[in-house]
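Q: Here it is: the structure, laid out below.
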Amino acid sequence: MRGLLQDIPVRGQKRVLLAAPRGYCAGVDRAVIAVEKALERYGAPVYVRKQIVHNIHVVSELERQGAIFVDEVDEVPEGAHIVFSAHGVSPAVVAAAADRGLRAIDATCPLVTKVHREAVRFARDDFEILLIGHEGHEEVEGTAGHAPERVTLVNSPDEADTIEVKDPDRVVWLSQTTLSVDETMETVRRLRERFPNLQNPPSDDICYATQNRQVAIKKVAQSADLVIVVGSANSSNSVRLVEVALEYGAKAAYRVDYASEIRQEWLDGVATVGVTSGASVPEVLVQEVLADLAGAGYADVQEVKTAEEDLMFSLPKELRKDIAGKRDERALGGRRS
């Protein structure tokens, strides 16, 4: 794989422009490892509320290892271990798990937890919260659940034109972490036209990984005839990457879960293929796409890097405590009298 310089070469013979950063973000990596470590520490089954991350390959691999995915905590046997997904949960879900005596491991992404804390603080300070996000998404449900009497959901820029608030001087916007940056800023612009005193969150709610992947695919799309985004249909950030690619110059863009879904007709007359992946996609799936494209004559892979990522999150505290306790038990057991 050749590294790409500042300027992408002009279209020519068959090649792949591989976006970087791509794939797993720190929050997804932490959540997946949390389930794997829980299975290792407690043994199967370990229950997970909702999909741990929005990727069918990851979910099926964890199921193979002994994870059981459920929609709600009342499906979990009393006293069992349950992992809350990276998208976060409401206080009501936490309480329901406690009522069943479940041993909960909270794998909520710390960047989502940050939004939860913002919602609690602004609600406490008597602000109305305009939450920009997609109705029905687990992350939105979790955030809204932290301030249910104060949150109004804004699904799109058009909805910003019709939202009503009680006090336009005490209103703040927050957002789902996986949205299109451009669309979110357009929504905020239109909200501020109606509510000039609209407050911003203390820091960006859209996560670094979502932003970085969108910036990279914008660069790639400018020179691509076709863009392939690896990611699942229910992955908000993967779907947004397809939209961004089309907005920034790609002649066509498609989302696939696996390389086997790439259609030959997509490649007809195509010289440059852009490739990226959503934040919940393991790199092995991208490599399978590259291998498939190489077989079709696209063996020249040029990486388009727009940012470096080195953020890492520690495991959930509940898991760290149990793992540390197990080490202490082993240490004590190994001492000679």
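Glycine is no exception: its Cβ is also placed from the backbone N, Cα and C atoms.
Pulled from Swiss-Prot, these are the listed features:
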- CYS25, CYS109, CYS207: [4Fe-4S] cluster binding site (BINDING)
- HIS54, HIS87, HIS137, SER235, SER236, ASN237, SER280: isopentenyl diphosphate binding site (BINDING)
- HIS54, HIS87, HIS137, THR177, SER235, SER236, ASN237, SER280: (2E)-4-hydroxy-3-methylbut-2-enyl diphosphate binding site (BINDING)
- HIS54, HIS87, HIS137, SER235, SER236, ASN237, SER280: dimethylallyl diphosphate binding site (BINDING)
- GLU139: active site, proton donor (ACT_SITE)
Q: Greatest CA-CA distance (Å) over the residues HIS54, HIS87, HIS137, SER235, SER236, ASN237, SER280 that the record ties to isopentenyl diphosphate?
A: 15
Q: Excluding CYS25, CYS109, CYS207, please set out which residues of the same chain place their CB within 8 Å of the center of the CB atoms of the [4Fe-4S] cluster site, keeping sequence order.
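A: The surrounding set, listed in chain order, is ALA26, GLY27, VAL28, ALA86, LEU111, VAL112, THR177, THR178, TYR208, ALA209, THR210, ALA279.
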Q: Where SER235 (isopentenyl diphosphate binding site) and GLU139 (active site, proton donor) are concerned, what is their Cα separation in Å, rounded?
A: 12
Q: Check each residue in the chain of HIS54 (isopentenyl diphosphate binding site) that is at least six apart in sequence and keep those whose C-beta is under 8 Å from its C-beta; list them in sequence order.
A: HIS87, SER232, ASN234, SER235, SER236, SER238, GLY278, SER280
Q: State the three-class DSSP label for ASN237 (isopentenyl diphosphate binding site), counting H, G and I as helix, E and B as strand, and everything else as coil.
A: helix
Q: Look up SER280 (isopentenyl diphosphate binding site) in the DSSP assignment and reduce it to helix, strand or coil.
A: coil
Q: Neighbour count first, Cβ atoms within 10 Å, every protein chain included; then name which of THR177, SER235, SER236, ASN237, SER280 tops the list of binding-site residues.
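A: Compared across THR177, SER235, SER236, ASN237, SER280, the most Cβ atoms within 10 Å surround SER280.
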Q: Where among the binding-site residues HIS87, HIS137 do you find the Cβ with the fewest other Cβ atoms within 10 Å?
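A: It is HIS137 that, of the binding-site residues HIS87, HIS137, has the fewest other Cβ atoms within 10 Å.
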